[in-house]
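Quick paste from TrEMBL:
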| type | residues | note |
| --- | --- | --- |
| DOMAIN | 38-73 | domain 'EF-hand' |
| BINDING | 51, 53, 55, 57, 62, 103, 105, 107, 109 | Ca(2+) binding site |
């Protein structure tokens, strides 16, 4: 679970910073949840949890849509809900901005290099 890396208090602070629609700022969020101060291995573990389909990338559908395949995952592919089930979904604009910031090669996905750039 994600709460084993960021603490529950850090998660609460991160989610508090982006409660309103279109208020998600990935830099602020990752600072608030403390990921910018975690080890490379801890960040990789979080990335692995967020990578719901285990593709090695975080794609748009893992940020703001419901999973169409309950075989792969019975959980929604909603980025903030990985941190708390009561969290909201990212808006389309937030999703596009987040992907653009982490997509280092223009393929529409956030890979290992992109996640490091986003968090640090």
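Each Cβ is built from the backbone N, Cα and C atoms, and glycine gets one as well.
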Using the structure shown, find which entry in 51, 62, 105 (the binding-site residues) has the sparsest Cβ neighbourhood within 10 Å.
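Candidates: the binding-site residues 51, 62, 105. Fewest Cβ atoms within 10 Å: 105.
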I'd like the number of other C-beta atoms within 10 A of the C-beta of residue 109 (Ca(2+) binding site), please.
19
List the residues of the same chain that sit at least 6 positions away from residue 55 (Ca(2+) binding site) in sequence and have their Cβ under 8 Å from its Cβ, in sequence order, or write 'none'.
109
